[in-house]
Structure formats: C-alpha cells, structure tokens
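Worksheet: the structure to be examined is printed underneath.
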Amino acid sequence: MNVLVINSGSSSIKYQLFAMPEAKVLAKGLLEKIGEEISALKHTAVEKGKEKKIEQKVADHKAGMSLIFSLLTDKEVGVIADMNEISAVGHRVVHGGEAFNKSILITDEAIKAIEACCDIAPLHNPAGLQGISACKEILKDVKMVGVFDTSFHQTIPDYAYMYAVPHEWYDKYKIRRYGFHGTSHKYVYGEFCKVTNKPNANVIVCHLGNGASVTAVKNGESIDTSMGLTPLEGLVMGTRSGDMDPAVPTFVMAKENLSAKEMDNILNKKSGLLGVSGVSNDMRNLEEAAKTNPKAELAITMFCYRVKKYIGAYMAALGHLDGIVFTGGIGENSAYIRGRILEGLDELGIKCDADKNSKARGCANFEKDGAAIKLYVIATDEEKAIAMDTYNLAK
C-alpha cells in the first residue's frame with residue numbers, strides 16, 4: 001500500500017511517497033515559490049537514485065499537485081505506473097484546535113472544523129486546506145487523513161492550558177494553550193521508550209529548530225508544552241520572540257505607531273535569534289559569528305538559558321524524570337548547543353558526557369555512565385509518523 005504525505009505551506013508543498021507498512025520512502029520532493037513568476041521543484045526517486053529539478057510558473061496548489069503527480073508517474077523519475085497506486089494521502093495540518101485529539105479521516109465536517117481554526121492559525125491552516133482541496137480534486141475517491149500538530153497536546157490539563165485572563169475569552173474565542181510540534185514530540189517519545197525499554201516513561205522532549213518547543217510527557221501523555229495559542233510563545237526561536245512581557249508590544253506600538261499586524265510580523269519574523277543578533281536566524285551561522293560578535297553570543301546564550309529554564313520547570317511538573325531527548329535541526333546536529341543547555345545541571349541528576357555528546361547522531365545516548373536520567377539525541381521523522389497514522393486509518 002502506497003501512502004503520499006503532503007505538507008502544504010502558504011507557497012510550498014513538501015511531499016514523500018511511502019510503501020507501507022514498512023515505511024520505505026519511494027520518492028520525495030519540495031515545490032517552492034508557488035504563485036511567483038518562477039517556482040522551483042526538486043524531486044528525488046529514492047531507489048532509482050535519480051533527481052529532477054524543474055523551474056516554471058506554478059500558479060496555485062492545484063497546479064503544484066498536478067506537477068508533483070506527473071513526476072511520481074514519470075517514465076524517467078517516477079516510482080509508480082499511475083495514480084491508482086496511491087491508496088491514501090496524509091496531510092499535515094498545523095492547528096486542530098479542540099476539535100481533534102488524534103489523527104482523523106478527512107470528511108466535509110472535518111474540513112469545516114479545520115476552517116474554523118483559520119482565525120488562530122492564519123499563516124498555516126489555509127495552506128493546509130489548499131493542499132487537501134487540490135488532492136481531493138485530482139485524486140477524487142482516495143482516502144485523505146489529517147494529522148494535527150496540536151492533537152498530541154490535547155491531554156494537557158486545564159490548569160496548564162488556560163491563561164490567567166478573563167474566562168469569557170476562552171468561552172468566546174477558545175483562547176488557551178494548544179502547543180505545536182506534537183507529531184514530532186510524540187514520535188521521538190515513542191522512539192525513546194523503545195530504545196530504553198521503558199514504556200510510559202517520563203520524558204522532556206526538546207524539539208529545537210528554527211521553530212522550537214519543549215514538551216513534558218508523563219506516562220505517554222503531554223502534560224505541558226512551551227508553545228501556546230500560536231507557535232510564538234515559549235523558547236527563543238529563529239525569528240520568533242518566545243516568552244516576553246505582554247506589555248512590550250503595546251508599549252512599542254504606541255511609541256512607533258505600529259498596527260497590530262505590523263507588530264505580529266515583527267514578533268514572528270524579525271525577532272528571536274535574528275532580532276537579538278542582527279546577524280542570522282540560523283544557529284550554525286551564529287555559532288561561527290559568536291567568535292567575534294557579542295550580540296551573536298548573547299543570542300545563543302539566551303536561547304540555551306530559555307531551554308534550560310523549561311527543563312527545570314518541567315522536571316518540577318513531572319515529579320520524576322527518566323530522560324531528556326533532543327531533536328529537530330539544532331537538537332540533532334549541534335553538540336555545542338546541547339552541551340550549553342545541560343551545563344551545570346549535574347546537581348539535578350542531569351549529567352552530560354562531553355565525549356559521547358560530541359559523537360551523538362541519529363539515535364544515541366550521551367549521559368555519563370551510571371546516570372539515572374538518560375540523555376538522547378533522536379532524529380525526528382514527522383513524515384514517517386504521518387504515514388503510519390494514515391496507513392492505520394486508511395487500511
């Protein structure tokens with residue numbers, strides 16, 4: 001059974017075709033700059049070892065999906081004979097609100113519920129809906145599955161997800177913590193439990209990339225997470241501010257005569273590591289720049305300090321901790337950042353072995369010998385997780 005996984009952005013489509021249930025990747029690709037004068041698509045037929053790059057105008061998501069399907073069935077770089085060989089499509093949907101606590105088969109009712117969340121996810125949900133609509137038009141009767149970034153966090157208790165603001169805001173607008181990166185947090189937590197042979201372990205998962213979040217998982221359930229109503233809350237991120245005094249935006253808006261939309265854009269796209277350093281939102285660039293640039297060093301220190309604080313807070317929330325897992329682009333690839341975050345936590349039982357840490361890749365532990373709290377790097381695979389959920393619902 002072949003499952004196509006789609007991740008639709010506002011101007012991009014990322015895709016992978018899996019042979020299930022073994023989760024073997026047959027083909028993958030990325031289409032960018034949809035709607036611009038020249039769009040770019042990079043397609044790889046994995047087993048054939050063949051790659052094709054296309055640059056042409058792609059007007060919208062439907063045209064993009066048509067182009068992707070033509071490559072999947074192409075004589076040279078295709079991996080299937082025709083579209084009938086696709087049994088199901090799994091869609092990443094960023095925000096499911098309170099409507100979805102697990103992955104679902106997409107129905108007309110489900111689409112309405114996803115549309116209802118566009119208010120609180122204006123950057124992401126409309127794009128996801130465009131991908132769903134394009135696939136439904138082209139593939140007609142093929143089963144579609146929605147996998148939500150928020151659903152894993154629906155187990156968070158009310159005292160952790162409610163904000164201390166007038167309750168009517170929740171009643172009217174469902175203002176609360178939702179959390180994101182749920183598919184990644186759930187996947188790497190499951191991998192940790194497998195490799196340590198500790199089912200239902202208590203784990204802190206640090207998904208650190210351009211977007212970053214920390215989740216406390218107790219007995220297999222998310223009990224708290226750093227992102228909030230939107231992905232803007234929590235850690236210092238590539239271009240997002242993370243936690244701050246809510247009075248700051250209104251103060252600066254008055255001083256600079258900024259609209260709410262302008263301030264939202266600054267906090268989401270011009271803050272975080274980029275805003276503090278003035279250099280880059282990319283941690284690799286900052287690690288290099290920090291050798292001579294104090295602002296780059298400050299940005300790194302703020303990033304690591306914020307993660308460290310969340311680890312301490314979530315240790316308190318969990319009561320007992322079995323392990324800490326690092327994943328995401330930074331979490332998986334920067335031993336330096338992992339080391340900085342875990343520095344000085346020995347008294348809490350968190351003991352990082354510097355030598356093991358420097359070599360940790362893919363799936364590897366790096367705590368000191370005999371330490372009770374396990375430290376792991378585990379590569380995330382959200383596409384595989386989406387494919388598994390899609391297969392289980394559609395088979």
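Just so it is clear, glycine is given a Cβ too, placed from its N, Cα and C backbone atoms.
A 10 Å cutoff on Cβ-Cβ distances gives Asn7 (Mg(2+) binding site) a total of 22 other Cβ atoms nearby, all chains included. Annotation comment: Swiss-Prot describes Asn7, Glu382 as Mg(2+) binding site, evidence class sequence analysis.
A C-beta separation below 8 Å, combined with a sequence spacing of at least six in one chain, links Ile330 (ATP binding site) to Leu208, Gly209, Ala212, Met283, Ile337. The ATP binding site annotation in Swiss-Prot covers Lys14, His207, Leu208, Gly209, Asn210, Gly211, Asp282, Met283, Arg284, Gly329, Ile330, Gly331, Glu332, Asn333.
Feature annotation from Swiss-Prot assigns substrate binding site to Arg92. Within 10 Å of the Cβ of Arg92 (substrate binding site) there are 23 other Cβ atoms, across all protein chains.
Neighbours of Asp149 (active site, proton donor/acceptor), defined as other CB atoms within 10 A of its CB across all chains, total 26. In the three-state DSSP assignment, the secondary structure recorded for Asp149 (active site, proton donor/acceptor) is coil. Residues or ranges marked as active site, proton donor/acceptor in Swiss-Prot (evidence: sequence analysis): Asp149.
Cβ environment of His181 (site 'Transition state stabilizer'): Asp149, His207, Gly211, Ser213, Thr215, Met227, Gly328 lie under 8 Å away, each six or more residues apart in the same chain. For His181 (among others), the entry in Swiss-Prot reads site 'Transition state stabilizer', with the evidence type sequence analysis.
Cβ-based neighbour count (10 Å, all protein chains) for Arg240 (site 'Transition state stabilizer') stands at 26. As annotated by Swiss-Prot, site 'Transition state stabilizer' applies to Arg240 (among others).
Asp282 (ATP binding site) sits 12 Å from Arg240 (site 'Transition state stabilizer'), counting Cα to Cα. Here the C-alpha separation of Asn7 (Mg(2+) binding site) and Glu332 (ATP binding site) works out to 21 Å. Cα to Cα, Arg92 (substrate binding site) and Glu382 (Mg(2+) binding site) are separated by 9 Å.
Taking a C-beta cut-off of under 8 angstroms and a sequence separation of 6 or more, Glu332 (ATP binding site) has the following same-chain neighbours: Phe326, Arg361, Val377, Ile378, Ala379, Thr380. Highest Cβ count within 10 Å among the binding-site residues Asp282, Glu382: Glu382.
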